[in-house]
Amino acid sequence: MPSSTRKGVPKDPELADLFFKDDPEDVFCDLHEIGHGSFGAVYFARNSYSNEVVAIKKMSYNGKQTTEKWQDIIKEVKFLGQLRHPNTIEYKGCYLKDNTAWVSGSVSTSPFVPLFKPLQEMEIAAITHGALLGLAYLHSHNMIHRDVKAGNILLTELGQVKLADFGSASIASPANSFVGTPYWMAPEVILAMDEGQYEGKVDIWSLGITCIELAERKPPLFNMNAMSALYHIAQNDSPTLQSNEWSDPFRSFVDYCLLKIPQDRPSSGELLRHDFVRRERSPRILLDLIQRTKDAVRELDNLQYRKMKKILYQEKHNGPMGESQEEEEDSEAASCKMNSLGSNHSIPSTSVSTGSQSSSVNSMQEVLDDSCSDMTATHPQDYSSTLESSPHTKKVNVKRGGGRRAEGGGRRAARYILINRCMFFFSHLLTSLPPQVTKQIHEHEQESELREQMSGYKRMRRQHQKQLIALENKLKAEMDEHRLKLQKEVETQANNAYIELEKLAKRHAVHSEKEMKTALTDEKKFQQQIVAQQKKELTTFLDNQKKQYKLCKEKIKEEMNEDHSTPKKEKQERLSKHKENMQHSQAEEEAQLLAQQRVFYDRNCRAFKRKVMIKRHDLEQEQIREELNKKKTQKEMEHAMLIRHDESMQELEYRQLKILQKLRMDLIRLQHQTELENQIEYNNRRERELHRKHVLELRQQPKNLKALELQIKKQFQDTCKVQTKQYKALRHHQMEVTPKAEHKTVLKALKDEQTRKLAILAEQYEQSINEMMASQALRLDEAQEAECQALRQQLQQEMELLNAYQSKIKMQTEAQHEREQQKLEQKVSLRRAHLEQKIEEELVSIQKERTDRIKHLLERQEREIDSFDMESMRLGFCNLGVSCSPRPHPASGGGVTDFSALAANVNNSTGEVQLQASTKGFMGGRDLYFVYRRIYGELLLIFVLYFNCHSNQKKNKEEKKKTKALFFAPPPPPPPPSSSDGI
């Protein structure tokens, strides 16, 4: 609601831009009321600055439902500000003054003519075509009028059709508000909050009802209570044109507009291509309609003037006119009235009860108004001439010139009253009829109770809708919050899993690096041990050579000393030759030993590297197995969490659906209770009104009887006068033909006969009076009883209609709840099936990933070993994979090889050097022994190789397949150690 330093001006900048800050009372002058309704009043006015004539609609937002009224004004002003079309009223601006909004609209250079007269088919087609153009514009911009009816379709004097009164319009489409005038409402609007939303096709339904209204002078179901009409529209078939005089295209157009299912109903664009609106018609069809209406209004002006002059003359002479003049005035007024309306269809005298009035602007009671149902304008000079030269001048018997002066004064007074009451002069603007406004105000006051009831019903429906929307928003927010919570939990789980995998990867990297460093350290130690052992062996070998050389030298010397025959020189040459041979032999043996040691060193280093590679492969297999197991565990935990989330979501959805359906049923029960109370209140009001009417008739009956008695009395007086004249004539005749002596006897006989006849007449008079009294009383009782019976039947039918409507709504709501329950069950079931399918797919995917990664790892490791073995063969180390300890199988129970246990053991006591490589834990029990023995003063290197498995290629392939298969199986118990261990 607006509030600011100046009363009525909003503080909000966005809202302030919608209103002009000027004072409307300074901007507009010469206001003249031309219409009145539940919203307020409509005026013609002139802009003081631009001298432009505008129409002003005053709407108050004070009193009850202030905020709601203010919001309606804001919505209408925003809506009007967006209109830019020839077939919609032009919005000029809005002003605020004393809690009242002044909405001004342009009337171009001509006034509007509301369409409330029964029209011809071509006129209806022209008006419908213009209205469809306006509706097509609204619907193309996703706007809905929601109150299309004859009272809201206006004509300019130039024949332009314009849509007006956008107080019920919707800026957005689709909508679901309960808005509009009951008799023109589409079924989907009535059932909007029960069955869903509606679109612009509700205006097509209202246009079809408007066509029937223009053709039959009133909309369908207008003789029914407004609330009952709503129930009837919602559950019965669509109305049709009743008369057979209308053409087939018109009937087809109306039936097409009034299709019950909105999806089958045409759009405004499709209706513009219908034969009914496309067929040829005179371009002056609407201009002729406007001119004919103007002529009728002028005649009505004259009639009103004569009535006013009659009242003024009666007041002037302080008494009623003579009977003859009254009869003349009545006959002239009746003939004038008939002539004034003769250019249009005849309007029957029809009365509508207050219960059948609507709560919208310009109630359709105007349809049934015989004298002032159209508003148009006439030029001031035309109207003045009409006043000064009335076609029926009444003659009044007044003596002398004072009578003429009185007549002239009364005429001027009547003209002054009529001008001040009915005329509003602009230089170029025509006026409307103030009696129409007075009638609207009177009806507005009379219908306040029904209008308040309808307003309360609409307010209740809107409140129910707001409650449902608020609950839906609340439940949606709760669902979003719950979904966000579950999503965060899933994200947290995924982050934790990612962190755990990262930690595991880091741990694996640290462990691998540590094992690599350990392997390098062990390799260096192993090499140092071999080098140390070989140095020791070389030293021993050289010492033995020295000893052998010394022994051989001494032995040769002894032999030479024993041989005395050999010359000394020869002995020395022989000794030198033996020395050279010995030294050469020892040098060769030393070179051979060094070469053997080199080969031994290179081969064992190569074998050690192979074992390090196998150890690294085993570590990689163990790590990937641990990583995959971890991923599988995490995925299982994630699946369990998703199942738990799905169950939680399912429980929340069922609970929310139950809450929403419970509120909907509670609101429907409250609505049905209110509808029933309103119907009962309406029934009681109708019965009270009928009772008051009957009481008034009973009170007025003596006056009517007295008038009838006076009429009968006058008839008998006339009869008595006739008989008296006849008696006088007969007496005169008898006196002439009868002798004078018999005159006395004849007169006495005639007098007796006259007395007898008058007595008979008196008896007949009394009998006539009694019969009239009895017949009138009986007729009144019968009429009142018939009215009571008809009213009871009508109210009973309306109550049955209400009960049927409420039962239908209840059944539809229960069916809707059942559909919602089934839909939710299908949704939950489908979501659970998708979840299970997702879980199954992820399990298959993770198993496939496990298989692929292990397969790729084994293939890569196999390629590395093959490449290493090929490189070894290229270096001359054949059968290195067999002669050296091969890779242990992960399923054999052997862990990582303890390379630090590889050492050289030298057995000096037996003269045998033994170097053993420990192969504890290796598959197949393959053992390698290096034995050095001294035989007869020579050192020989002996390689002893013991095989526990075949070395053919087929066995190797089968062994690889078994290795891959055993990797997925639990490890079997380790095999017993080979008998060759420790040799």
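Counting begins at 1 with the first residue displayed.
Cβ coordinates come from backbone N, Cα and C, glycine included.
Per TrEMBL, ATP binding site is recorded for K58. K58 (ATP binding site) carries a strand DSSP state (E or B). The number of other Cβ atoms within 10 Å of the Cβ belonging to K58 (ATP binding site), over all protein chains shown, comes to 18.
Taken from TrEMBL, the feature coiled coil covers 454-507 (among others).
Look at TrEMBL and you will find 751-808 (among others) tagged as coiled coil.
As annotated by TrEMBL, compositional bias 'Low complexity' applies to 346-363.
What TrEMBL records for 373-390 is compositional bias 'Polar residues'.
Positions annotated as compositional bias 'Basic residues' by TrEMBL: 392-403.
According to TrEMBL, the compositional bias 'Pro residues' annotation covers 969-983.
Per TrEMBL, region 'Disordered' is recorded for 316-408 (among others).
Among the features that TrEMBL reports, region 'Disordered' is placed at 558-587 (among others). Helix, strand and coil counts from DSSP across the region 'Disordered' (558-587) read 25 helix, 0 strand, 5 coil.
Residues or ranges marked as region 'Disordered' by TrEMBL: 957-983 (among others).
The average pLDDT for the coiled coil (751-808) in the predicted structure is 82.
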